[in-house]
Structures are given as C-alpha cells and as structure tokens.
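Enquirer: Just lifted these from Swiss-Prot, have a look:
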BINDING   69, 71, 87, 90  Zn(2+) binding site
BINDING   489, 491, 493  Mg(2+) binding site
C-alpha cells in the first residue's frame, strides 16, 4: 500500500518480470507459491464464491471479509497469539480485506507480447531504439512476416539455399512446402524469428551506450555536410537529425533510470487488484463485471488455448500456433489500449470496452478526476464577474459562499463574544442570518486570505491569493487585471475558492501567492497584470471620442442640423454646442445627468501652459462677445482673451471618457507617491533611531 507520508510522487514506467512476480507472489506456510491467475472464471457455479485461481481468487488477492477465509473460519487480525496466519484448508490469509485494493496477481503468457504503448504510440520507442520503420515492426509483431535468425558457425537452410537474406514475407507459404509438420516446427524454432519474441531478441542485443555514441557521431557528420541545394534532400537530413536527437534522449533516459529495453516486451502480465475492477452480483448466478475484467478474461482464454497448443506441438500445425499467438497479442493490446490497432473490441451490445488507458487518461480518467480533481472541504465554486472597483489584491466573495466557508470561524466568534452559548445556538443564528453574524464574518475575513483557482492550473499563476470582501449576488468578483494569469475571461468562466486553514498555509498565501506580488510572468519575466480582452475594448470605447472635427458644423449643413437642432427623447441632449466646463467634476456631473454623452466633445478649463501661449499656430475661428472678450478656437484647444488681449482661460477639447481615464491615472500616481513617501519616512525614522 502507498504510504502518503513516505511517497510524495507517482511515476509510471517499465518494470522487470522479476519485479512483477515479486509484487504478486505469496508463499503459503505449506510452501505453495500463489499469485498466478490461471482461470478466467469469476464465481464458482456451485458455491457462488470466488473461483480458486481465478480473477477474484481469495488466495491470491486476500479475503473478501476481514479475518474470514473462504471456508468461513475467523481469526483476529493482528493478534500474535493466533496461529497460523493462513487457513490450512483453503490457503487464504487472515488479513484485512483492504488488501484486495493493492494486492496484485499476474498472468504467465505463453508467448512474449509487446507493450502497445511503446510500439504503437507516437513516437514509437521500440522503433526509435531499433532504428527501423514502425510499419516493419508491426508486421513482425503481428506475424505478417519474419526474418532469419543468424546462427554463427552453423550451416543453415536459408543461407545454403540463398532463398532469403533478411526479411521473409512469404515464409509461411513457401517454406512449409518442403517440410513435414514436425520438420517445419524444428526449422522455425531454429532459424526463423517472428512475433514479439523477435523484437525481444533484438532489444536484448542492444547496447545503449554504443547507440548513444553512434547516434552522436552520425548527428555531427550530418551537421557538417551543410545544405545541398536540394530541398527534398535537406528536409530528409533535418528529419534524420531530429530522429537522432530523440534516439539519444531515449537512450540517456533508459541508462539514467536503469531500465532494460527488453522490458518493453511482456512475459508476465500484471493483474489489477480486484477492488479496482469490482464485480456486482445482480441475481442468482448472474454477475455484472467491469470492462477490465472482461478483457482479462479474454487474455486468459486465448493464452490458455495457446498453452494447450504448445504442449501438444507435435501434432499442431505451425499456422495454427502462429494465429493463436497473434490473437494473444491482440487481446493484450485491447486490455492495455483498446482501439489503438484497427477496430476496437466490443461487447454483445456493440459497445467498446474501456481499456486501462481509457481508465487512466482524459478528463474523466483516474488521475484528473479522482487524484487531481478531488473535492475538498472549505472550498466553493462559482462564476466570475468583473469587479472594477476592487483593489488588485481583493476579490468579491458572495455572502452565501462566505458564510459556508467561514462558518466554523464565525461559530467560534459567536461563542467568544457571548451572543451564542454553544455550537447549536450559533448555527441557529447563522441560519436565521442575524446582523451579528455578518459583523463577525467581516471581522473573520479581514485577516484571512482565500485562494482562487481556475482549472486547468498550468502554471504558478493559475492559483493566487486574495483578500476577500463581501459582495451581493452569487458570483465571485475579480479584478480584471489578474485575468491573464488565470487565462480567464468574463464569458461564464468558473473559479474555485479555497480557504487556507493552517498558519503555514496562510503565511505562504500572504508572502508568496497574493496577486499584487505576482505582477511578472515566471516563465519569461514580462508583465502579466496588463489590460486584455474586455478591458482593451472598454478603454477603446472610453477614449475613442467623437470623430467629428471642430469644423464639421460649419462645412456640413446636414451634420450641423443633426447636431445642433435635433433633440433626443427625455431631453438627454440639452447642449446644442460643444459646452464649456470649469472642472472635471462638472463635466462628469453633466454626463451622469444625461446632458452629454460619453463621447461628446466638450471644452474643459485647463491650467495655462507656456507651450500653448508661445505657440505660433493660427486659430481656426475667432468668436467675439458683446463685452469685448473673444474666443480663439484651435484644433485641440481654445483660448479666452480679454479686451486687452490678455489670456483669461485655456480650454482643451476632450470627452468625458478621456476625463475619467485621466482621473483614474492621476489618482493611481498620487496613491503610489503617497505610499513611497510614507515608506521613505518610515525608513528615515528607523535610521534615525538606530543612529
């Protein structure tokens, strides 16, 4: 069993046949060795119990009930005085039934079988190491052709006759004509190699260090040749160099992890523990089993037939044995990865069996759904919406979610402050949503960060810490600038919220995971808290303004009539000309009263600028007033002069959107300056105190 304190990681890889046998083998007190599954049966047809030597055998995988053997005898688990530890009649060990979740078995295959993951998956590791085309290896594995086994210092039929040099695609049609059945079997076993056994022989002969050295030499030679001018030849060289790089990396990995290449060919097939492929008894003598169990049954059926054929090989035709070996290979392929080669295996209702790969991989696989996507306590989930008024390090948490996540803390606060005498009364107050509950919830949330996570968590910024604040509604409010780190947008995305409980987790959240401390991408160092998607569109709309120039009313009578004389409903457009405002507050107030629009051009009083005063630009228009003052109208600004030609006021041409953006930037700069000055003052005080 995996100890969660000792084992902090999980790795899927190759193991030796000896290791598989060690995992599954048990030695009984009488010296009998058990662990091999030899029967495809699930339940015995008479006793309706697990078949001995079958896929649910209690001798191999452990008792179905803790401390009770197949005979019905009972022993106290863990009692040193109880002896023996095994039942002498049925051979079942007196242990906890949870052993059936991790005790494995094995099937001894009558012929070697290649592991489909390492043969059919791209890139093919077997084809990479052997430096041969995948199509050729597939034909060899599935008995479509064979090659001559080299035998040194011995005359061979193939070499003497000179009929075949290496590959013999027609061996099963031409050679048997010259032999009897017994003679052909002897010839085949001596000089012809086919199937997974042929692959295993070649993998055993490999020297990984020689492969590494030869591949490196060839890679350097191809790099020194340079381009030939022929595009097809150059592309062929590039592909070969890429293949050599992958081959060297694979050889290095095998050397570093002490993995032998021949382990990619199976001689012993591990059998999963029975509780991971359960069986349900639905009626008398009828059971419902998992797809994995049915695929195991098919492997055992075909392997048993092949074993019987090999035991009486004197009278068995060679073609029959070869065909049965191919069926065993296909059955193991379907068990490991159904449908990888050709049509997948189906049941009586034409439903595709779920193989081991289907159980492991994908969104609904064992890793992503059960191990990585587990439901945890003190967590919630909801849709995210934009919260533009929030600070960068804050998030809006709905009251419904917050009261559930922080319920234990609120109960403790109610009991400490004496509004509630016990837990039952405190829960009653929470259900009734009394005002004191929200006050205590606010106090609890002030010093407690939360973690927001958006799946899939592909990098460090996929989960960040925030200071929660209560909001109305049922959606989580999020500052728009943190969306890029989460790869989120506001079109219905959901995010999970978690509450760190321990002091270590809270300290880690505050010191390392707060959003305002993760402003740069950990991968490339670029700023990651930048406006994206909806924010860019909003900034464009806010600052686009009206495209009409300042002379549009004068030279376009149609626009002049529409802009000056036309009135919209509800008196929403009272200003017939571009209005003048003395400050930004008046302009925004007019917008809120719906007297002007967001992109309506207006004149805003601005401090006198020496660059404008010294400018030699000629005005477009000059408007005179009855009291002698006049307005000089330029492209982007307006100057009000007195009768003595003195500059009274300066106005700039802008919109409410530009004003709003400018005010936000100005407030942000002022806040940053105040923060810097306060921190500098604190540093000065500390320095003076030390002096």
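Just so you know, glycine gets a Cβ as well, placed from its N, Cα and C.
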Enquirer: Within 10 Å of each Cβ, count the other Cβ atoms, then let me know which of the binding-site residues 489, 491, 493 comes out lowest.
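Expert: Ranked by other Cβ atoms within 10 Å, the binding-site residues 489, 491, 493 bottom out at 491.
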Enquirer: Within 10 Å of the Cβ of residue 87 (Zn(2+) binding site), how many other Cβ atoms can you find? Include all protein chains, please.
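Expert: Step by step: centre on the Cβ of residue 87 (Zn(2+) binding site), count other Cβ atoms within 10 Å, giving 22.
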Enquirer: Identify which of the binding-site residues 69, 71, 90 has its Cβ surrounded by the largest number of other Cβ atoms within 10 Å, counting every protein chain shown.
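Expert: Going through 69, 71, 90 one by one, the largest Cβ count within 10 Å is at 69.
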Enquirer: Just give me the nearest neighbour of residue 87 (Zn(2+) binding site) among the binding-site residues 489, 491, 493, Cα to Cα.
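Expert: Nearest listed residue in space: 493.
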Enquirer: Are any of 489, 491, 493 (the binding-site residues) within 10 Å of residue 71 (Zn(2+) binding site) when you go C-alpha to C-alpha, and if so which?
Expert: none
Enquirer: Can you name every residue in this chain, apart from 489, 491, 493, with its Cβ inside 8 Å of the center of the Cβ atoms of the recorded Mg(2+) site?
Expert: 384, 488, 490, 492
Enquirer: Applying the rule Cβ within 8 Å of the centroid of the Cβ atoms of 69, 71, 87, 90, what extra residues of the same chain belong around the Zn(2+) site?
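Expert: Output for this site, in sequence order: 58, 70, 72, 73, 88, 89, 91, 92.
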Enquirer: How long is the line from the C-alpha of residue 69 (Zn(2+) binding site) to the C-alpha of residue 489 (Mg(2+) binding site), rounded to the nearest angstrom?
Expert: 58
Enquirer: Determine, to the nearest whole angstrom, how far the Cα atom of residue 491 (Mg(2+) binding site) is from the Cα atom of residue 90 (Zn(2+) binding site).
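Expert: Cα to Cα, residue 491 (Mg(2+) binding site) and residue 90 (Zn(2+) binding site) are separated by 63 Å.
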Enquirer: Reduce the DSSP letter at residue 489 (Mg(2+) binding site) to three states and note it down.
Expert: coil
